[in-house]
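J.: Sharing a structure below in structure tokens format, with a few things to ask.
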Amino acid sequence: DDMRIAVVVKALGIGFFEAAAKGAEEAAAELGDVEIIYTGPTDTTAEGQIEVINSLIAQNVDAIAVSANDTDALVPTLKKAMQRGIKVISWDSGVAEEGRMMHLNPSSNPLIGNMIIKLAADHLPEGGEVAVLSATTTSTNQNIWIEEMNKVMGNYPGIEVVATVYGDDLADKSYREATGLMQSYPDLDAIIAPTSVGIVAAAQAVVDAGKVGQVNVTGLGLPSEMAGAVESGASQSFAIWNPIDLGYSATMIAYHLAKGDATAEPGATISMGRMGEVTLDDTTSGAMADPFVYDSSNIDDFKDIF
Amino acid sequence: MSMADHRPRSIPDQLTTPLARALKSWESLLLVVAIGIFILNSFASPYFLNAWSLSDATFNFTEKAMIAFAMALLIVAGEIDLSVASIIALASTAMGVALQLGAGTPVLVLVGLGTGLLCGAFNGVLVTRFGLPSIVVTIGTMSLFRGISYIILGDGAFRGYPADFAWFGQGYVFWVISVEFVIFALLAVVYGVVLHKTNFGRAVYAVGNNATAALFSGIRVGRVKMILFLLTGLMSGLAAICLTSRLGSTRPSIGTGMELEVVTMVVLGGVNILGGSGSIPGVVIAAFVMGLVTFGLGLLNVPGIVMSIFIGLLLIGVIALPRLWAKLRRA
Amino acid sequence: MKDGAHWGAIPRAVPFFRPAGGGIMQAMTNSPASGETPVLALDQIVKEFPGVRALDGVQLALYPGEVTALIGENGAGKSTIVKILTGIYQPDGGDIRLDGAPVRFPTAQAAADAGVTAIHQETVLFDELSVAENIFLGHAPKGKFGLIDTARMKREARAILDGIGASMDVDVRLRDLGIASKHLVAISRALSIEARVVIMDEPTAALSQKEIEELYELVDQLKAQGKAILFISHKFDEIFRIADRYTVFRDGQFVAAGKMAEIDEAQLVQMMVGRAVDQIFPKRAARIGDEVLKVVGYSHPTEFEDINFSLKRGEILGFYGLVGAGRSEFMQSLIGITKPSKGVARVAGDIRVIRSPADAIDAGIVYVPEDRGKQGAITTMPIFQNVTLPSLGKTSKNGFIRLAEEFALAREYTQRLDLRAASLDTPVGSLSGGNQQKVVIAKWLATQPKVIILDEPTKGIDIGSKAAVHDFMSELAGQGLSVIMVSSEIPEILGMSDRVIVMREGRMVAELAGDDLTPETLVRHAAGIGSKGEAA
Amino acid sequence: MSFLKSREAILTGAIVALLALVATRYGAFIRPANLAAVFNDTSPLIILALGQMVVILTRCIDLSVAANLALTGMVCAMLNVAMPGLPIGVILVVALALGAALGAINGLLVWKLDIPPIVVTLGTMTIFRGVIFLLSDGQWVNSHEMSASFTGFARHVILGLPVLSWIAILVALVMLVVMTRTPMGRALYAVGGNPHAAVYTGINVGRSQFIAFVISGMLAGLCGYLWIARYAVAYVDIAGGFELDVVAACVIGGISIAGGIGTVGGAILGALFLGIIKNALPVVDISPFWQLAISGAAIIIAVLFNARADRTKGRVILKSAEVTQ
Ligand SMILES: Nc1ncnc2c1ncn2[C@@H]1O[C@H](COP(=O)(O)OP(=O)(O)OP(=O)(O)O)[C@@H](O)[C@H]1O
Ligand SMILES: Nc1ncnc2c1ncn2[C@@H]1O[C@H](COP(=O)(O)OP(=O)(O)OP(=O)(O)O)[C@@H](O)[C@H]1O
Ligand SMILES: [Mg+2]
Ligand SMILES: [Mg+2]
């Protein structure tokens, strides 16, 4: 029988996760004896993920690799999965330590936190006002990155974060929040949106407000969704790790854990195929790679991939 | 005297036997549907017929069903409460606050139930004292209650509930029989008896069929409705305890969208959304139907949104098909 | 309301009505020959409802320029035939012929198009729409682009209302009108449709004496215009006053038809109920006992003021007044529905604070409301559950229902009132008006009250059931129950009451007993025509 | 006189007060340009509220509007991707027709099978969303995939206002005429005011409710295209939960959930009231965490207010009371 690895995402239909699924399939093809079950709830709720994971437990899959909607809420269910012999790892958005065997960060949080402010600051040599447009108030990732960003603010004198608002990863709300930011802060120079929904909406809002060239939208986004914004000039540059690589790596790690040729413990190294190796820290988590910057010079190469 | 001129006619009590009526009832139809789905599921997935799988499947509906019982009574009485999921959020948040203040499990439970009651009272007062339509009031409180959770929690979360608190949502009473399932089963019996065998239940039906005539008949309509709102709040508080215990944490987004699933369950159970009729056995079967459909499709890794198509079709189909059938037969 | 001559104003209004083609006045030019060929004839009509055969092969013929009275007990099928004629129900068998040609009325619109219009038993109007909109809903005059010509609609509405002497504003929303005015709007609506056949199902039930007189004149006018009129009423004086022919139904079957001139009241009643009915109000030996209820200074900010009376054991106290005198409002305050601003009620000497009907039942005061469809019966629930609803305490144990005792109680009281129904678990809504009323009365008697308030207990009830209700009232009083009877019918008030309180515009204006109790004194006080000579 | 006491006047007053309050915190909010922007942002809500009003007037409710919007929007977006050359006129016709067809499904179930509207639309709401998932396979349609004319239409400015705003104004005017001056409008009021009496009047209650659902669906379909064009993205969850905002706007606008009562003006004002709150909160620097609670409280207060205004004077028969009234 093929080994069954379940890739559980925050919600189906999000371009980023669809790309990660491609990576997972790539890994499966490379490994040969692996069947990928790509699944997740329809909206980004912990309850929805729990239902999905319960049915995976019932199917007795070999491994679950999950990007969590809530750090804590999945823990009891995932514990149950591990008790029934299923290998559990988290990737992208993590689960509290007791709920998984290891966690794969797309990049390290400090690197991302630094990257998003650097993207804004690079275009503001004189300094200026920037605002953050985040996803939901409960998103684990965004909150950590914003925290990390605040830690390194000292390295960017003259840059001032004037506000942090939440678009809830809804296009219309993000759009309205971005518009609100530009009204409240007429001198705003940049909007940092470390979320792929928010960054698109913010770019659209800047175009509609006629502020292209005055307000630079940056943050984390998908090349396919941001191609238009880069072309119009609403966004000079943005970053993202490669979700294909991320799905690929998570699958590889899950495979090795399930096969039993690797263990998840502090200090261990686990092979990620073409992505090299990941080394686990004290919290049994590790980082895949640095975020990658996209701008007008390279966007065309990526916009059709993910 | 003209009255004495003719003998009073005697009127039979009932024309049909209770059994005949039961066989023709909605509940029987629903039971057939439930059994059909069960059989389909066991053919569709090799993992379905497994005690632990089935036990896990019950978590898909136990919390919703707890609320659905009280909601069924409320809807029979001609009202509705769309704020139940938000009450869960607020009750869970209140428990989190209590936890920060050092409360232990018994206090947490009291806080959860108490918050539910308070929210129910708020809805109840607006509806019964001010005479506002409940659908509108609870659309408002739906935002208000969850909004308060957001104000308190913001982007934070409460975690670190005591180990024994986990019993409610993660504990098992016996083998695969979970604590939640036992609560569900007990409540099914209690609500069934209350609605079908007591004066209060009769009053609920009377209010739902004609509140004015019920009032003129000496039923304290406002009080009946108030009690039902309190019960619905209390059940939401109970569901909040179970859900919080199962998740082990509180975030303001907890239970989002649950109100519609609860209403769907009640309506699928044959409760007339316009009030006046419905039964608890119907709701119990509907809970199983919904749990079986979602779990069965889950085993086939069908995305949740596609499942919701099935639920939607089931909701309309189970009501529409008998009517369509009757129409075609008449034509 | 203006003076009596205004019906004569109708012809002057002619130009306003549909100038293009034969408006409602068109028939004026035709000679209203009362020929022997019916305009509308029904034959072998069958209509079944689940469990009831409401009409079982009945026939009915309406002649131009004549009023045909349709007579029958409650549930005889009178309103059902009206609904069939107006396209609301479809018959299960039989045929309808208009001028000899078979027709069908699949919708109300089709019936109206064929020239059949009706004033229905229940007012079927729209509270949120204006008077003019109510009159012309469905056939409003159209102007440019097919849009409603509001100005013309109001003008024509005004003309019709003037024609029947109704003075209300055409722009006012219907909810702001009184019940009698609403009825006048319903009549105007029927007149606004080009009709050859006008049906009136108990049109006078909600009208005051003066308005009734005006309605009679209107009927005469319509007759003169050659219209065929179907008139349904339980009031015999009325039938003899205006009808030319009669048709009698009993239990959904055709009994007889003929000319009024060839029959007398006793014969009609005999045909209607299938037996002779003693029309004399049951006299009984008044054994009046101690005071049961004393009401002192009951007042309400807008509805009534300073009501005082005392009620004794075994007494029947009548409340007379014109429709809208505030009697019902006051009675409802006695059972805690409307809250009085002042006043106390003592039951058997003790002050009882009554905030809700539940308190009233505790105190032994029960109220049989006037509006049985809305306030009296829960029409969607079975008969037995309706009967036991206020007495659930008796048929249950520790709050748990005992079905056998419920049925026993329901059986006892429905038999005492000679209820007619298929079974005790059929919904009340499927009964005729009179039988519904019996269910409501049964429900209240089952509580074994001290005081029973009957608000228009025989309104819309056939003569046979009416006698039964009167008998029952006497019997109750004889057993020591105190009865308050609100009624607008003078014979009933005179025949049944030991004492009568007259109300006008929310105030008690007279308390009459013994020799003072005459039709003249009642009318004089109710209408406010005092010794000063003019209306108050 | 009667206007001053009407619900519309009270609501207008509340909106002015709200604007004044916001202006004290952030003066620029009431600049005409910003007010125009707020109006534009609220346009979809206005259009949807007008459709919902018609449905509520006939004693129904349409919970599927947002799902209808999302489905129609997705179809328009996919159509645009497949055939970028398709003129906007055709897209608009498709949006209106598809929306109306989806509304007709609701209407038919209510009319022909007599299923309570809340049940029907609760069902179709989830079904429509599911169908979007099946159609799109869960994929997004992004701005760069849409043609410039497709996304540009709604924001094209005419006489200082974007086309989106003009469409809302046009819809409002048409609805005003339909509801007040046509037999159909009267029939819709009558059906909700007293369905029993409507039958006696020759109005087909079921068919009127069907028409109401078709109108609501058609306007939802129109909004579907406009929404997708404006935010330049289409995915399954678009306008998720927006149906409650729409119902809330109607309720705030004084449309009685019991049917038969409500005006076009009320629906528009109700939508504007919510729209202003939504747009004002971010700029007056109220923590985003307060937003939900504030809109909830606003709904409750508005309903309490409406109920007071709605309370009938009742019948007064005491002469003394009449004088003091
Ligand atoms: N919609 C209905 N469903 C079931 N039964 C009905 C319905 N309408 C009328 N009936 C039955 O048909 C019979 C005739 O009723 P109908 O209303 O025509 O009586 P009626 O002669 O008008 O009496 P009343 O004088 O009380 O108005 C009654 O037995 C009644 O119960
Ligand atoms: N404007 C109105 N709209 C609706 N119903 C009305 C209106 N005015 C009066 N009524 C109804 O008409 C009935 C008569 O009014 P009221 O009870 O105050 O007077 P009453 O003296 O009891 O008259 P009645 O002789 O009809 O019993 C009441 O049942 C009341 O509900
Ligand atoms: Mg009748
Ligand atoms: Mg009265």
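Cβ coordinates come from backbone N, Cα and C, glycine included.
Any TrEMBL annotation is an automated prediction that lacks curation.
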J.: Among B:84-101, B:282-299, find the range that TrEMBL records as transmembrane segment.
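T.: Going through B:84-101, B:282-299 one by one, TrEMBL flags B:282-299 as transmembrane segment.
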J.: Against which stretches of its own chain does the transmembrane segment (B:29-49) lie, if we need a Cβ under 8 Å and a gap of at least six residues from its ends?
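T.: Long-range Cβ neighbours of the transmembrane segment (B:29-49): 268-270, 282, 285-286, 288-289, 292-293, 295-296, 299-300, 314, 318, 322.
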J.: Which one of these stretches, B:134-152, B:227-248, B:254-275, B:305-326, has the most C-beta pairs shorter than 8 Å to the transmembrane segment (B:172-194)?
T.: B:227-248
J.: Cβ under 8 Å to the transmembrane segment (B:305-326), counting only same-chain residues 6 or more beyond its ends: which ones?
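T.: Counting only partners 6 or more residues beyond its ends, the transmembrane segment (B:305-326) has Cβ contacts under 8 Å with 29-30, 33, 264, 267-268, 289-290, 293-294, 297-298.
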J.: By Cβ distance under 8 Å, which residues at least 6 away from the ends of the transmembrane segment (B:107-127) in the same chain are close to it?
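T.: Hits for the transmembrane segment (B:107-127): 79, 81, 83, 86-87, 90-92, 94-95, 97-99, 133-134, 137-138, 141, 145, 161-162, 165, 168, 225-226, 228-238, 240-241, 244.
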